[in-house]
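> So TrEMBL has the following annotated:
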TRANSMEM  33-55  transmembrane segment
DOMAIN    37-502  domain 'Major facilitator superfamily (MFS) profile'
TRANSMEM  75-95  transmembrane segment
TRANSMEM  102-120  transmembrane segment
TRANSMEM  126-148  transmembrane segment
TRANSMEM  160-180  transmembrane segment
TRANSMEM  192-210  transmembrane segment
TRANSMEM  321-341  transmembrane segment
TRANSMEM  361-379  transmembrane segment
TRANSMEM  386-405  transmembrane segment
TRANSMEM  411-434  transmembrane segment
TRANSMEM  446-466  transmembrane segment
TRANSMEM  478-496  transmembrane segment
């Protein structure tokens with residue numbers, strides 16, 4: 001039931017270079033219904049992440065409607081984006097107790113409700129509650145299950161599957177930008193949000209497609225690294241041993257708890273069978289008691305797994321490379337979000353609105369982002385390529401583009417930089433793969449929840465910070481420079497921590513020899 005030691009080892013190499021040893025392979029792993037899960041996740045990314053990438057259109061409408069500062073108005077979009085990701089750890093608790101399908105369906109209803117209520121906004125602060133908080137929480141309840149389900153259904157082609165599903169962000173940004181522009185022009189922004197709320201109800205259909213795997217299938221879905229990968233994994237095995245010693249891989253407590261739970265349910269069933277001669281009212285009470293007992297056990301198990309992942313002896317925070325990954329996520333996402341929110345305003349300042357109306361810069365990012373995710377996913381699945389190295393190279397390219405964008409003053413120059421931003425940001429499809437390499441499939445929901453929570457904090461403060469800098473300097477240049485430098489700090493953390501991990505095993509071996 002728990003991930004193998006190789007799954008938790010800090011080998012950031014390619015995960016396609018693995019072979020499975022299930023007793024009876026499930027045809028839905030890497031095939032069959034797995035592709036319906038990819039389709040569901042693809043549509044979720046269109047409706048949630050794509051819509052959020054198109055919020056620059058609504059941001060301009062809100063500026064004209066409410067006459068507030070750019071910094072204050074930008075908080076609406078930032079709250080929606082940020083809360084979608086920040087609630088990740090708490091959504092992990094829902095998934096542990098209710099499953100991905102139920103969580104996603106409830107989230108779809110909340111998201112649609114947030115859009116519809118926002119159509120009646122009388123001020124920006126009203127939008128904070130309806131669009132920022134309500135729609136944001138609903139989006140988070142659908143987004144995390146969509147990512148986790150793809151990770152559960154795929155073993156050999158995880159990078160490609162995640163790449164295909166997350167291309168929905170690019171398609172969504174392109175489609176939703178055009179759709180919101182049309183709706184705002186024809187019907188006004190209020191009716192546009194009402195219509196978008198109705199469209200968002202399709203998230204419930206996406207959630208219904210998330211058919212859960214049986215516990216047996218999850219146990220059979222384990223992998224064994226090839227010999228070429230084992231050498232790299234040993235170099236980073238110090239923190240793996242730390243996690244094992246803290247009990248991440250211990251199954252005995254869970255087995256004991258399951259045995260106790262089965263005894264409780266067995267006793268209830270025994271009473272129910274023995275009491276067949278009792279009155280119908282008594283039997284109804286026994287059945288009700290059995291149902292409540294089963295629900296209580298499910299909630300306890302889900303909460304125990306969630307709590308141990310974050311705060312117990314088996315905490316994910318004992319994994320030092322994972323902690324470095326969190327620090328990186330705190331600075332990375334805002335560098336991608338800021339251009340989407342403020343590019344329409346920048347284009348207007350540079351008097352490039354005519355060219356941008358023909359082919360918006362945000363649409364260029366969105367379209368190239370699609371190809372970036374697929375191509376980077378395919379490259380990462382090649383036997384001779386390290387997923388970790390592809391991830392780092394894409395990060396370096398993106399931070400360079402963020403620092404270069406303020407220097408561009410022509411439409412062609414901005415278009416080239418935006419295209420590079422779109423392609424390099426395709427590394428988002430590799431984030432679940434790298435996270436699963438760090439913690440294993442069992443802890444993917446909780447671990448990825450932490451990562452997107454850090455991304456959410458970055459998205460929450462990034463755009464308002466850029467708007468605040470503009471209100472002081474009347475230029476966006478410093479916003480991009482500061483965001484790029486903070487992003488570089490996060491990348492440095494990713495580079496330093498693996499080096500420390502390599503050094504520590506050597507020191508231990510030297511001490512043993514002495």
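Any Cβ shown, glycine's included, is placed from N, Cα and C.
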> Are the transmembrane segment (411-434) and the transmembrane segment (478-496) close, by which I mean at least 3 Cβ pairs under 8 Å that are 6+ residues apart in sequence?
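With fewer than 3 qualifying Cβ pairs, these stretches do not touch.
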> Mark yes when the transmembrane segment (478-496) and the transmembrane segment (75-95) have three or more Cβ pairs under 8 Å (sequence separation 6 or more) and no when they do not.
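Result for the transmembrane segment (75-95) with the transmembrane segment (478-496) is no.
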> Restricting to the same chain and to residues at least six past its boundaries, which positions have a Cβ under 8 Å from a Cβ of the transmembrane segment (361-379)?
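For the transmembrane segment (361-379), the list is 50, 53-54, 56, 159-164, 166-167, 169-174, 177-178, 339-340, 343-344, 347, 385, 390, 394, 414-415, 418-430.
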> Applying the under-8 angstroms CB criterion, which one of 33-55, 126-148, 192-210, 386-405, 478-496 scores highest with the transmembrane segment (102-120)?
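Highest pair count goes to 126-148.
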> For the transmembrane segment (386-405), give me same-chain residues lying six or more residues beyond its boundaries with a C-beta closer than 8 angstroms to one of its C-beta atoms, as numbers and ranges.
12-15, 159, 332, 335-336, 339, 372, 376, 379-380, 414, 417-418, 420-421, 423-427, 430-431, 433-434, 437, 480-481, 483-485, 487-488, 491, 494-495
> Does the structure show the transmembrane segment (192-210) and the transmembrane segment (446-466) touching, where I'm treating 3 or more Cβ pairs under 8 angstroms (sequence separation 6 or more) as a contact?
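Not in contact, no.
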> Below 8 Å between Cβ atoms, which of the listed ranges 33-55, 321-341, 478-496 makes the most pairs with the transmembrane segment (446-466)?
321-341
> What residues elsewhere in the chain lie close to the transmembrane segment (321-341), defined as a C-beta under 8 angstroms and at least 6 residues from its ends?
10, 53-56, 59, 74, 77-78, 81, 85, 173, 236, 239, 361-362, 365, 395, 398-399, 402, 405, 418, 421, 425, 434-435, 438-439, 447, 450-452, 454-459, 461-463, 465-466, 479-480, 483-484, 486-487, 489-491, 493-494, 496-498, 501
